[in-house]
Amino acid sequence: MTNIRKTHPLLKIVNNAFIDLPAPSNISSWWNFGSLLGICLILQILTGLFLAMHYTADTTTAFSSVTHICRDVNYGWIIRYMHANGASMFFICLFMHVGRGLYYGSYAYTETWNIGVILLFATMATAFMGYVLPWGQMSFWGATVITNLLSAIPYIGTNLVEWIWGGFSVDKATLTRFFAFHFIFPFIIAALAMVHLLFLHETGSNNPTGISSDADKIPFHPYYTIKDILGVLLLILALMTLVLFSPDLLGDPDNYPPANPLNTPPHIKPEWYFLFAYAILRSIPNKLGGVLALVLSILILILMPLLHTSKQRSMMFRPISQCLFWILVADLLTLTWIGGQPVEHPYIIIGQLASIMYFLLILVLMPTASTIENNLLKW
């Protein structure tokens with residue numbers, strides 16, 4: 001008799017996605033981040049659910065309710081810090097996952113890639129709204145500054161911002177709706193992730209060489225299930241080390257005082273994982289220009305399949321492109337550092353140069369390098 005996992009309508013979907021899935025025999029640890037992102041999402045939904053049981057989305061009690069969670073709720077402190085640092089681990093995995101896609105040409109699967117970019121946007125929106133919820137100083141001012149960017153949109157900007165705020169400033173209505181959205185978005189992300197997988201399984205996984213692996217497939221289970229479990233253990237080890245030894249390492253001390261609309265913090269900055277985009281935003285001395293650059297810094301990923309000029313899919317055998325890729329990584333790290341610095345000399349000019357370099361690398365230098373490499377193949 002055929003195994004139930006191959007016949008049952010629901011189980012066979014799971015079977016075809018995680019058990020009998022034909023996978024390339026040579027995918028490296030860079031292919032672990034997809035499953036790690038799934039684990040991060042589940043962890044965030046679970047910890048978030050327990051936090052929501054004790055949190056109150058009201059300007060007068062939000063900050064106190066978070067304090068109450070940490071002091072009075074059984075293991076509330078660990079749930080809170082797992083959620084906060086879980087977001088950091090989520091973004092580390094996201095950046096690694098996207099970087100892998102760029103390096104090995106995974107963006108050639110356009111549907112999968114585009115859903116991935118939408119997932120990135122959705123995750124960034126969710127994290128931003130989550131940061132507002134504790135209602136500390138940086139929560140309030142971060143929300144004020146970022147939502148205010150929409151006022152740069154011609155004609156409808158001001159109305160749009162006041163519509164999002166639900167008033168004339170960030171206040172109770174804003175906090176309540178941000179909580180509602182922050183709660184629903186992870187489920188939308190989960191649904192999109194399933195669509196992401198659906199499209200991926202139409203083509204099968206890419207591999208480090210970028211060459212078709214149809215001639216050499218192995219079953220996902222047990223080979224990659226055991227490999228994924230190792231990745232998950234390392235992820236949990238890193239997360240719990242952070243949570244138990246240095247839970248506030250990645251946070252901003254300015255978010256410890258409760259929100260005060262009458263007192264602006266000296267340096268308004270977002271969480272570390274948004275700093276690269278924040279640096280690009282600040283490097284343009286024009287409001288609308290900065291907003292456009294901010295959006296384009298992520299939206300540019302959509303263009304990757306169009307910017308691919310190489311005859312080879314992966315960068316594995318393309319040393320010039322490899323060099324430029326790692327320069328891009330260094331550039332993003334520079335932008336991340338600049339985003340956390342005050343707006344003064346020499347940080348302003350460094351940020352502007354790094355921003356120009358970012359767009360130049362992706363739009364001009366990398367496609368040019370690919371064309372040069374194509375010509376070198378003829379020698």
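FYI, residue positions are counted from 1 along the chain as it appears here.
Cβ from N, Cα, C; glycine included.
Feature annotation from Swiss-Prot assigns transmembrane segment to 33-53 (among others); the stated evidence is similarity to another entry.
Feature annotation from Swiss-Prot assigns transmembrane segment to 77-98 (among others); the stated evidence is similarity to another entry.
The heme b b562 binding site annotation in Swiss-Prot covers His83, His182. The number of other CB atoms found within 10 A of the CB of His182 (heme b b562 binding site), across every protein chain shown, is 21.
The feature heme b b566 binding site is assigned by Swiss-Prot to His97, His196, with similarity to another entry given as support. All protein chains included, His196 (heme b b566 binding site) registers 21 other Cβ atoms within 10 Å of its own Cβ.
Same-chain neighbours of the transmembrane segment (113-133): 55, 57, 62, 66, 87, 90-91, 94, 97-98, 101, 106-107, 139-140, 142-143, 146, 174-175, 178-179, 181-182, 185-186, 188-189, 192-193, 195-196, 199, 270-271, 273-274, 298-299, 301-302, 304-305, counting only residues six or more beyond its ends whose CB sits under 8 Å from a CB of the stretch. The transmembrane segment annotation in Swiss-Prot covers 113-133 (among others).
Marked as transmembrane segment by Swiss-Prot: 178-198 (among others).
Under the heading ubiquinone binding site, Swiss-Prot lists His201. Counting every protein chain shown, 14 other Cβ atoms lie within 10 Å of the Cβ of His201 (ubiquinone binding site). Look at His201 (ubiquinone binding site): DSSP puts it in a helix.
Here Swiss-Prot flags 226-246 (among others) as transmembrane segment. If you look at the transmembrane segment (226-246), the same-chain residues 6 or more away from its ends with a CB under 8 A from one of its CBs are 29, 32-33, 35-36, 39-40, 78, 81-82, 85-86, 88-89, 93.
Marked as transmembrane segment by Swiss-Prot: 288-308 (among others).
Residues or ranges marked as transmembrane segment in Swiss-Prot (evidence: similarity to another entry): 320-340 (among others).
Positions annotated as transmembrane segment by Swiss-Prot, on the basis of similarity to another entry: 347-367 (among others).
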- Message: Between the Cα atoms of His97 (heme b b566 binding site) and His201 (ubiquinone binding site), what distance do you get, rounded to the nearest Å?
- Response: 17
- Query: Have the transmembrane segment (178-198) and the transmembrane segment (347-367) got at least three CB pairs under 8 Å, pairs 6 or more apart in sequence?
  - Reply: no
- Query: Between the stretches 33-53, 288-308, 347-367, which wins on the count of C-beta pairs under 8 angstroms to the transmembrane segment (77-98)?
  - Reply: 33-53
- Message: If I take the alpha carbons of His83 (heme b b562 binding site) and His196 (heme b b566 binding site), what is the distance between them in whole Å?
- Response: 24
- Query: So which residues does the transmembrane segment (288-308) touch in its own chain, when a touch means Cβ under 8 Å and the partner is 6 or more beyond its ends?
  - Reply: 98, 102, 105, 107-108, 110, 113-114, 117, 120-121, 124, 149-150, 152-154, 276-278, 280-282, 355, 358-359, 362-363, 366-367, 370
- Item | Neighbouring C-beta atoms (10 Å sphere around the C-beta of His97 (heme b b566 binding site)) | 20
